[in-house]
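One structure is given below, encoded as structure tokens.
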Amino acid sequence: MSWIIFYTVIAALLVLDLGIVHKKNTVMSFKESVLFSLFYFVIACLFGIYFYYNTGAEHAREYYTCFLIEKAMSLDNIFVISIIFQFFKIPGKYQHRVLFFGIIGVIIFRAIMIYGGTILINKFAWLLYIFAVILIATGIKTFYVSHKTFDIQNSYIYKSIVKNLNITPNLEGDKFVVKRNNKLYFTPLFISLVLIEAIDLVFAIDSIPAIFAITNDVYIIYTSNIFAILGLRALFFCLAEIVERFSYIKYSLALILIFIGFKIFIHHYIAIPAYVSLIVTITLLLFGIIASIIRKNMIDH
């Protein structure tokens, strides 16, 4: 029943998104982007309340912790998506269409990764320690790397697509595929969609281990993942500016990853409750936001 409720909510949001709000190809304004993202955030928070009343406070805390971590870890994804759109010269009026269909892929591929990860961890518990090492290493690396980059032309995926598929040199309106001389040709819109899906899988390799350190409940992990990503896609059109403004969030995220990594190593000796993980996550993110605001004000003045 819980899965039916979740997928009903997601289906309704997707129909509202593309079928009503963005039925025509138009560029989303900054204000619309913020309002739509806030709408998704409220829905995600309400789903946490659903957890609270149906499965208890502990599950609700785990859900909110997973949601915040996934939200923070997905920020770099925005920069890579922006690079892809710039490379293929995708106009703003078509970007939302690509992001929308990208969500469909995310819903499918994240389900496979999370379900597969749960099976592996239940069978090989020691995998969590490998995840812990990855998280600590990623956290330390985050201190020294500004943003993740993506060399499109030299990527294996791009080379494979160009080599094996018929590609149109230019966009064909909002179409992903066109037919010419009884042959299918794929447009730059399609290639950008495939690359965005591939990049999401790469970023998921970083974020999903962090979530498994909080809980091994598939429903909590999956729902928090999807709601976090839905909100970020809605905020894409203004997020680059916001992330630049909150430049210290990456350091908060680095500390969160290191904290989660150590939490895995010590869980046999000290059990850290879900509410502590939630408090640590919120506190570190708030420190990052406040420090960024103070820094921005000092630079402006």
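Just so it is clear, glycine is given a Cβ too, placed from its N, Cα and C backbone atoms.
Annotated transmembrane segment per Swiss-Prot: 1-21 (among others), in sequence order, evidence recorded as sequence analysis.
Residues or ranges marked as transmembrane segment in Swiss-Prot (evidence: sequence analysis): 33-53 (among others).
Summarising the annotation, Swiss-Prot assigns transmembrane segment to 72-92 (among others) and lists sequence analysis as the type of evidence.
The transmembrane segment annotation in Swiss-Prot covers 101-121 (among others), and the record cites sequence analysis as its basis.
Among the features that Swiss-Prot reports, transmembrane segment is placed at 124-144 (among others), with the record citing sequence analysis. When Cβ-Cβ distances below 8 Å are used as the criterion, the transmembrane segment (124-144) is approached by residues 206, 209-210, 212-213, 250-251, 253-258, 260-262, 264-265 of the same chain, each at least six residues removed from its ends.
Taken from Swiss-Prot, the feature transmembrane segment covers 185-205 (among others), and the record attributes it to sequence analysis.
The transmembrane segment annotation in Swiss-Prot covers 220-240 (among others) and rests on sequence analysis.
The transmembrane segment annotation in Swiss-Prot covers 246-266 (among others) and is backed by sequence analysis. Sequence-remote contacts of a segment are chain residues at least 6 beyond its ends whose Cβ falls under 8 Å from one of its Cβ atoms, and for the transmembrane segment (246-266) they are 69, 72-73, 75, 128-129, 131-136, 138-140, 142-143, 146, 210, 213-214, 272, 277, 280-281, 284-285, 287-289, 291-293, 295.
Feature annotation from Swiss-Prot assigns transmembrane segment to 270-290 (among others); the stated evidence is sequence analysis.
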Result, the transmembrane segment (1-21) in contact with the transmembrane segment (72-92) (3+ CB pairs under 8 Å): no
Contacting positions for the transmembrane segment (185-205) when only residues 6+ beyond its ends and CB under 8 Å are counted: 73-74, 76-77, 80-81, 84-85, 87-90, 94, 97-99, 101-102, 105-106, 109-110, 113, 148, 150, 152, 155, 157-158, 161, 165-168, 170-172, 174-179, 229
